[in-house]
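Here is what Swiss-Prot says about this protein:
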type     : residues : note
DISULFID : 28-34    : disulfide bond
DISULFID : 29-42    : disulfide bond
């Protein structure tokens, strides 16, 4: 049971992190300076 809970926590943390990264990329790509600095991130 402890192992299941630990893996669930890890999954939740990973989902939160990927969500935050997606938000950061979106906000970067909508900012022209950041977009110019990171063209590989912004399609």
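Using N, Cα and C of the backbone, Cβ positions are placed for all residues, glycine too.
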Task: Could you round the CA separation between residue 28 (disulfide bond) and residue 42 (disulfide bond) to a whole angstrom and send it over?
output: 8
Query: What three-state secondary structure does DSSP assign to residue 34 (disulfide bond)?
result: helix
- line: Excluding its own, the Cβ atoms lying within 10 Å of the Cβ of residue 42 (disulfide bond) add up to 15
Query: Three-state secondary structure of residue 29 (disulfide bond) from DSSP?
result: helix
- request: Let me know the DSSP-derived helix, strand or coil state of residue 42 (disulfide bond), please.
  value: coil
- prompt: For residue 34 (disulfide bond), what residues in its own chain, 6 or more apart in sequence, show a Cβ-Cβ distance under 8 Å?
  reply: 27, 28
